[in-house]
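Annotated in Swiss-Prot:
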- 40-60: transmembrane segment (TRANSMEM)
- 66-85: region 'Disordered' (REGION)
- 71-80: compositional bias 'Polar residues' (COMPBIAS)
- 92-112: transmembrane segment (TRANSMEM)
- 125-145: transmembrane segment (TRANSMEM)
- 149-169: transmembrane segment (TRANSMEM)
- 171-191: transmembrane segment (TRANSMEM)
- 209-229: transmembrane segment (TRANSMEM)
- 261-281: transmembrane segment (TRANSMEM)
Amino acid sequence: MSRYSYQSLLDWLYGGVDPSFAGNGGPDCAAFLSWQQRLLESVVVLTLALLEILVALRHILRQKEDGRGGRSSQPQQVTQRPEEGKESLSKNLLLVALCLIFGVEVGFKFATKTVIYLLNPCHLVTMMHIFLLACPPCPGATVIFKLQMHMLNGALLALLFPVVNTRLLPFELEIYYIQHAMLYVVPVYLLWKGGAYTPEPLCNFQWALLSTGLMFFYHFSFLQILGLVTEVNLNNMLCPAISDPFYGPWYRIWASGHQTLMTMTHGKLVILFSYMAGPLCKYLLDLLRLPAKKID
């Protein structure tokens, strides 16, 4: 018999999930909502998510066809430097740092037998960031970049309403905050590089709509089904987090509303911040420089 049987594999994936921690999982968490309410919410949200995906794809593909004749609809891109295309030192250092941070987080998941939590959206976005830093600029990287720009709202929620009651290992809590902070560092860095990492215009919400539909479809289909089968509260699809301000039987309805609003606007605010931060930093640096004295 193989040493790693099917049962040991399941134990390796979620055997360390302790239902005694509030909001972590277990039978009580899985039964937090009645099956009728869960089914009704899932049907409504999945239908809306599919409509959002179809509408967004239709407009994006139409814009792509219209853009073949010219680039007038594209935003102004950062002036490309002569060394554009070469791996910069800063990009490589950021990639190494992110890989080390995420590697430690993965190690914690293996050590605590909670590897299943790597399916949570923040970890998936971190993997997308590693790909963007490692992959040369290309059309595929541009698509992933535009999608992840509108998937960063989870990092804000994780920082404002942290769920850290299960992080008991040394430095596990610190890695939690560092990883979620890095979810903002990488996009802002890529925005400053420009080129293939140029977002859509601020008035264009099609990519935000597509990201919203994909995130809700992922949550109410894959994460919810897997959570019900394993009784693991993946991204709070079974029961609300202990820090949820909308704790109660309608927490998913509230979440669908405020997360739709956040997904549609949060990425735009990050883009706007990156546009303002660059000139602001340059202005502050110019202020710090002492004026040169003219010698007659």
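Numbering starts at 1 and runs along the chain as it is shown here.
Just so it is clear, glycine is given a Cβ too, placed from its N, Cα and C backbone atoms.
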Compare 40-60, 125-145, 149-169, 171-191 by their Cβ pairs under 8 Å to the transmembrane segment (209-229) and return the stretch that comes out on top.
40-60
Closest-packing stretch to the transmembrane segment (149-169), where packing means Cβ pairs under 8 Å, from 40-60, 92-112, 261-281:
261-281
Out of 40-60, 125-145, 171-191, which stretch has the largest tally of CB pairs under 8 angstroms to the transmembrane segment (92-112)?
171-191
Counting only residues 6 or more past its boundaries, what in the same chain has a CB within less than 8 Å of a CB in the transmembrane segment (40-60)?
33, 206-207, 209-210, 212-214, 216-217, 220-221, 224, 252-253, 256
